[in-house]
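What follows is a set of notes on a single structure, which appears directly below.
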Amino acid sequence: MAQIGRDTQLAKGFLESGNVVGIPTETVYGLAGNALNLDAVLTIFRVKNRPSFDPLIIHTDSLKKLDQFVTDIPGPARKLAETYWPGPLTILLPKRNLIPDLVTAGLSSVAVRIPNHPLSLALLRSLDFPLAAPSANPFGYISPTTAQHVADQLGDQIPYILDGGPAGVGIESTIVGFENGKATVFRLGGMALEQIEQVIGPVSVQTHSTSNPKAPGMLSSHYAPRKPLILIAPGKTPEPNKQAGALVFREPFGGISAQHQRILSPTGDLNEAAKNLFAHLRDLDSLPIDIIYAEPLPNQGLGWAINDRLRRASAH
Ligand code: TXA
Ligand code: MG
């Protein structure tokens, strides 16, 4: 069983010997390994049971190191990086040969970010390689936002989980790519679209691929609990049902037991809602209920990303 602790030296030792460990980030916990070591990268895919066509994000701690991994940083990409890193934003950039094809699933671009978490930044600073880190959940299941979530699902397969407390943002990073100077968001996430547009102007959003290799891993049934989840229409309420649970924004639904409902943010704060989303979904998944009803949130700020996750979770 994985040891859980706050010892970055211990984590460093495991990573340097090619092992994979759980690491905290501000978005979700990652399953991290040396991105330049094929064995470590293969271990990540095996532990997660992740198909090899789904590329990994590499994590580093400074813009200076980035030049070692990519051949070019377009102007708008640099602007975003300078403004929002460390932070919940991943940028797709043309990769150098140093980055193994296994990491990028054969694509010519690599996804990079600098995570905003003191423990992981300290760890990354101490390493002379970047960390490949997908979310530390079995493929297709809900992403972990605490060290215990990681231990519950992958604890018997990894030696160590670095415990940085509950993730502050709670939803995966926003992914943005550039082609011919044009910015496209491929995954809605912890950095709001409005914030990106403030810096580089209008961006297009392209997240609804079913088998589009441009946004691999963005499969519909991603982020799903084991129980069926029904996304109800805005402003509607579900039929009264003793066997149902609900994930709601500010107030519980009538007709469903209060014990079976989880409120994302009583004050209507979308950042708080994102922070609670995955833990509440996990919680509902463990209750003696047959079905989970979820209420869509306002389409603004992190509401876009939350609604995206709820739609994917409901697509069974
Ligand atoms: O917040 C996050 O991004 C977390 C933390 C741990 O950093 N990581 C994360 O990784 O969510 P993961 O593996 O669960 O999701 C990575 C997704 C892939 O499924 C794929 O959609 C996209 O990033 N991706 C990675 N490399 C890509 C590339 N070269 N081109 C297009 N999409 C890419
Ligand atoms: Mg993931």
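Yeah, the Cβs are placed from backbone N, Cα and C, and that goes for glycine too.
Unlike curated records, TrEMBL annotations are generated automatically.
These features come from TrEMBL:
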DOMAIN    5-191  domain 'YrdC-like'
BINDING   Thr27, Arg113, Ala133, Ser173  L-threonine binding site
BINDING   Arg50, His59, Ser135, Ser143, Arg187, Tyr223  ATP binding site
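For the binding-site residues shown (His59, Arg113, Arg187), fewest C-beta neighbours within 10 angstroms: Arg187. In this structure, none of the binding-site residues from Thr27, Arg113, Ala133, Arg187 has a C-beta falling under 6 Å of any atom of ligand 2. A separation of roughly 12 Å, to the nearest angstrom, links the Cα atoms of Ser143 (ATP binding site) and Ser173 (L-threonine binding site). Proximity to Thr27 (L-threonine binding site), defined by a C-alpha to C-alpha distance within 10 angstroms, is shown by the following binding-site residues from Arg50, His59, Ser135, Arg187: Ser135. Taking the mean position of the Cβ atoms of Thr27, Arg113, Ala133, Ser173 as the L-threonine site, the remaining same-chain residues with a Cβ inside 8 Å of that point are Thr25, Val28, Gly30, Ile57, His59, Pro88, Thr90, Pro115, Glu172. Packing around Ser173 (L-threonine binding site) is summarised by its Cβ count: 26 other Cβ atoms lie within 10 angstroms of its Cβ, all protein chains included. In three-state terms derived from DSSP, His59 (ATP binding site) belongs to an extended strand segment. For Ser135 (ATP binding site), the count of additional Cβ atoms within 10 Å of its Cβ stands at 26 [all protein chains shown]. Checking each of the binding-site residues (Arg50, His59, Ser135, Arg187) against Arg113 (L-threonine binding site), the C-alpha distance stays within 10 Å for His59. Looking only at the binding-site residues Thr27, Ser143, the densest Cβ neighbourhood within 10 Å occurs at Thr27.
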